[in-house]
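Novice: Feature list, courtesy of Swiss-Prot:
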| type | residues | note |
| --- | --- | --- |
| CROSSLNK | 215 | SUMO1 cross-link |
| CROSSLNK | 215 | SUMO2 cross-link |
| MOD_RES | 1 | N-acetylmethionine |
| REPEAT | 69-114 | repeat 'WD' |
């Protein structure tokens, strides 16, 4: 019996790390009656039920999804074959307790693995530092100690510093502390990337080099925020964004926040209530002046704000983005007297203080929120190499959450930047659809596994992978964001009708000029498609029940059986009922929970349109939500521009919260520990990238297979930065190249003194007398060419067979072909063959006299004309040659996208004349 229970338990010890392994549990939906019964069972006190006490769990203070070497897809060679092997990076979760912390890893197999667990007092912030970028001129002083863990504890290593005033760096390889950074004021958060370690203080920011941990720069002009983030910042791969306390006009970028213009019934009612409140406040001020007492309606915070405004005129809602590589050392000061070195952008984002912000993976999109939490702004940052004043900041979206106030604590992007999830302290995660380039989200943009091309229906690819069949079978056309276009491969988007927004999009994407010039992008207001609510009470999730669904996109967890005190919250949270939430997008891992006996399909993750959303709350339960966008069900007709709706449902859950009975898992770790293996792999890749000798290698690493390719004075800094120098903003090319249309023709120029067979099946020759002198190719004046003197096939059939019709040969002789690219029509009274050169006087007449009145001769001459006609070169642009009996009709239509030539003609089967000494020349239609 005990063995059976041990087998069914979702927890078991890990073989490689020694920690705990938690298997995912399937989430089952309950009916309304089952939910009511479960609620009544939870409300009944434990003493009346007589059931044993549940397992006690430790209190969680904060949760976070971490990015480290373990899930670094760019530098870990294990993930470079991600598309072929199906290998996906694991999810890395950090949980902070009132006594210690814990680190979990969830690989693609779905089994959560405990990697680290300690109990050393309260921990306010912790980060697993990624391996830094280094080269020949920049070495990593802690390479042998990595991976490193940065921790901000209540009691530092020295024991004499104030609480939360030092950052201790521990080696997970050896277990020793390698560095301690002391501060005089409390630390509120830690951020890190491959270049720097950022320590966030109140109204200050300090950055340290990731290789030496020496101070690189610091910022002292941050605007204070009441919480939950006392000093909100956003750290990308290279840029750092923070809230500035003033707006400096000389550094202000073009653009910034636009008016939201959101008017609703709720907003009107709340505005009226605020107006009434302001009126009552004015009455209270009059009472204050008469009685000399402070009315109860005015809080101390309001007085402090007014006093601060009198001392120093601070401006809320200002964002400054700096480049951590070029900002220089020392203090970063944005003032009228300072230069703009290292300042990327400086712009107003909100009217209220900024509460939270986050970059997307590319660093070009920035989402900001204010303290009210009504609206979230999405900005596109287009930099300029000269100064921040030349930078353009486009306000693409306003994500409208609601009219009630809420504090934002977490923001995350999907990997393709088409979805944004904003989580508040109320435990609600709001899912918004966006486009990386702006525009209204719709079926065309969010119902495909790919980010659709904005300007064309075609999937622009380098040919590295096959185009998925869903793009052509399930979607209209080829997922073009431009409505009303033909799905034909040759259809030009210029023939479609564009609305005002699409016209602007065409202008901005095709305009290689200044993005600061008008018209600026029009602001889009987007509502959330899903609101996923977290439970307000902690519950025990069993294998049978699991979380319970109370509605689409809203679930609740079973309440505990025994009475417990309210959960402990973060030190920065002062209001009751607030708890921490973190979210991230990732590949589905619920297949194991739903089909434990089946194997994972190889390409199962590539078939979904949206990745799964993972949400973890302060109760230690990680839940995977499946997201299924679909066209709006109330839409009368489904088209490319149909709005979206979304269905969300929980699929699997992991109970990661630890109990007091769990053992600690502390370094030093074994060599096969996942964190150590990932650190070794990333450092090895860094050595190869810098051209250095990795530790343990038998010999030097050379580039291009030759040691001579590395010069003695080779600069490793240039090789180190080659990835960051890749252009990340490009401009789309024209929809139709010049040579794709009928406005150009390919013609053959024959020099004098040669005889050329025009067609292998034709007897038409081009020859000269022996007295002629050969001339080099294209060495002549076009004005000297007398095309009217050419006698090239002077007899041809009429376009329409008319009885008794006869025209002189001289009427049609030597007239050049005219093709109008705009209208797509041909001049039917012209010949189809043009040859530049001179012919013997009697050659054409002798050839004509033998076949002039025979049908066979007519067919042969037409075949020769087709073999050398310019119309063969523009077949794809709309020219179509059809044969009906003995009548050949040359027709063209601007709407046609494919051409056809009768294959029973000899000229169609005969190849073009090939002569290596006679290249093809490109001439416009107007060539004489």
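The backbone N, Cα and C atoms fix where each Cβ goes, glycine too.
It should be emphasised that the depicted structure is a prediction, and the values quoted were computed from it without experimental measurement.
How about a rundown of where these features are and what they're close to?
Specialist: Counting only same-chain residues at least 6 apart in sequence, those with a Cβ under 8 Å from the Cβ of residue 215 (SUMO1 cross-link) are 206, 207, 208, 329.
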Novice: Looking only at the repeat 'WD' (69-114), what is the mean pLDDT?
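Specialist: On average, pLDDT over the repeat 'WD' (69-114) sits at 86.
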Novice: When secondary structure is assigned with DSSP, how many helix, strand and coil residues does the repeat 'WD' (69-114) contain?
Specialist: 10 helix, 16 strand, 20 coil
Novice: DSSP three-state call for residue 215 (SUMO1 cross-link): helix, strand or coil?
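Specialist: The three-state answer is strand.
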